[in-house]
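Report on the structure given below.
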Amino acid sequence: MTDLPDSTRWQLWIVAFGFFMQSLDTTIVNTAIPSMAQSLGESPLHMHMVIVSYVLTVAVMLPASGWLADKVGVRNIFFTAIVLFTLGSLFCALSGTLNELLLARALQGVGGAMMVPVGRLTVMKIVPREQYMAAMTFVTLPGQVGPLLGPALGGLLVEYASWHWIFLINIPVGIIGAIATLMLMPNYTMQTRRFDLSGFLLLAVGMAVLTLALDGSKGTGLSPLAIAGLVAVGVVALVLYLLHARNNNRALFSLKLFRTRTFSLGLAGSFAGRIGSGMLPFMTPVFLQIGLGFSPFHAGLMMIPMVLGSMGMKRIVVQVVNRFGYRRVLVATTLGLSLVTLLFMTTALLGWYYVLPFVLFLQGMVNSTRFSSMNTLTLKDLPDNLASSGNSLLSMIMQLSMSIGVTIAGLLLGLFGSQHVSVDSGTTQTVFMYTWLSMAFIIALPAFIFARVPNDTHQNVAISRRKRSAQ
């Protein structure tokens, strides 16, 4: 990339900036959950909605982001994304109640949903095709650093300042990024087809109300009748989308995608798999602080080995899949993650704290292998004309399943514990033990889906070829 003009390199730095902001925010909040609960006068069992409100909003808004960038221009949308994300951060810091915080997190989610996909689109437009992979590697590297710094930085800020600062640090960064975007980024636009607004609204309503219904009376305080009404509305919305998309070439996501068996299996496995693994980033720091009495900073540091294991495994995952095939790798890593989850719970409750970093490192390795395998399996056999739509649907399902996973984790804590779980409670560790056992069971379930994947290792050569072209 050394032969790129200075203006293009600056534009890549802006995109990398956005990737870093978004990825940092996905992990920095987790460590602060117990402190937020204490400050806002809420039970920690209700605080999972702080994560769900953000991730669910990202899932809902993702399908519209690419179309908006093509229609309005990448500079305008990227600038808007940074401004919304920064304003959301400010409102989060100013929140005095849980409901105010949830609304502010949703505003953050709107900005976050546009930031990453529009950033990818920007790179595609400003960089020659032969340098696209190198440019994407450059701009996504800060996105890999964000999850590494997030837990420790969040714990440090909570312990030595207050939880408000995990949001306030976004404000100067966002202001600089917004100004740089206006000054340095060109406003590329493209001719767009008509946006499937009807399909978008049906999917958005279906995803949102079903997630709220799942949270139920424990989190939202809804009556059984209201929950039943939400379920009915959500199911009807999704059924209407299926009818809307049938034989509709302009549908948001074509049903032709599901004619590819590996896509159908991969998407189902990704949805179920990320429900289980989506619980872990929320539950681990909460358990370390409330269940074991760790300080916020110490709990944040404990998350770093998991991220390091994930980053390290990415270097060899291609060879592993090529050697053993998708079916064996996905079944083994799914069951392995369930066992590692049980191992983490056991070592923690036995007080073997010096073993926990190694267990978390192993958890990161297994999880990374499974994620990479699921993503590639889902997309590898799609025809070129459906690849972009399939990738967008996968991205949306990833966010949706993670929000559902965090919701279920909160429900499990509420099911096994009282409304006032705290470090001083004598039953707290028992509550967490039953929750971790249930999580391990849920994490293992997708193995039944992955067992149906054709064990055709010859097709895995496609991953290796893509990997080499990226280097």
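Any Cβ shown, glycine's included, is placed from N, Cα and C.
Noted in Swiss-Prot for the protein shown:
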type: TOPO_DOM; residues: 1-12; note: topological domain 'Periplasmic'
type: TRANSMEM; residues: 13-33; note: transmembrane segment
type: TOPO_DOM; residues: 34-48; note: topological domain 'Cytoplasmic'
type: TOPO_DOM; residues: 70-76; note: topological domain 'Periplasmic'
type: TRANSMEM; residues: 77-97; note: transmembrane segment
type: TOPO_DOM; residues: 98-101; note: topological domain 'Cytoplasmic'
type: TRANSMEM; residues: 102-124; note: transmembrane segment
type: TOPO_DOM; residues: 125-137; note: topological domain 'Periplasmic'
type: TRANSMEM; residues: 138-158; note: transmembrane segment
type: TOPO_DOM; residues: 159-164; note: topological domain 'Cytoplasmic'
type: TRANSMEM; residues: 165-185; note: transmembrane segment
type: TOPO_DOM; residues: 186-196; note: topological domain 'Periplasmic'
type: TRANSMEM; residues: 197-217; note: transmembrane segment
type: TOPO_DOM; residues: 218-224; note: topological domain 'Cytoplasmic'
type: TRANSMEM; residues: 225-245; note: transmembrane segment
type: TOPO_DOM; residues: 246-262; note: topological domain 'Periplasmic'
type: TRANSMEM; residues: 263-283; note: transmembrane segment
type: TRANSMEM; residues: 286-306; note: transmembrane segment
type: TOPO_DOM; residues: 307-341; note: topological domain 'Periplasmic'
type: TRANSMEM; residues: 342-362; note: transmembrane segment
type: TOPO_DOM; residues: 363-395; note: topological domain 'Cytoplasmic'
type: TRANSMEM; residues: 396-416; note: transmembrane segment
type: TOPO_DOM; residues: 417-430; note: topological domain 'Periplasmic'
type: TRANSMEM; residues: 431-451; note: transmembrane segment
type: TOPO_DOM; residues: 452-471; note: topological domain 'Cytoplasmic'
Helix-strand-coil residue split for the topological domain 'Cytoplasmic' (363-395), DSSP-based: 29 helix, 0 strand, 4 coil
Confidence summary for the topological domain 'Periplasmic' (186-196), mean pLDDT rounded: 75
Contact call for the transmembrane segment (342-362) against the transmembrane segment (396-416), three or more Cβ pairs under 8 Å: no
Proximity of the transmembrane segment (13-33) to the transmembrane segment (286-306), 3+ C-beta pairs under 8 angstroms: yes
Range from 77-97, 138-158, 197-217, 263-283, 431-451 with the greatest count of C-beta pairs under 8 A to the transmembrane segment (165-185): 77-97
Interface present between the transmembrane segment (286-306) and the transmembrane segment (197-217) (three or more C-beta pairs under 8 A): no
Intrachain neighbours beyond the topological domain 'Cytoplasmic' (159-164), with Cβ under 8 angstroms and 6 or more residues off its ends: 32, 35-36, 39, 92-93, 295-297
For the transmembrane segment (396-416): best-contacting stretch of 138-158, 263-283, 286-306, by Cβ pairs under 8 Å: 263-283
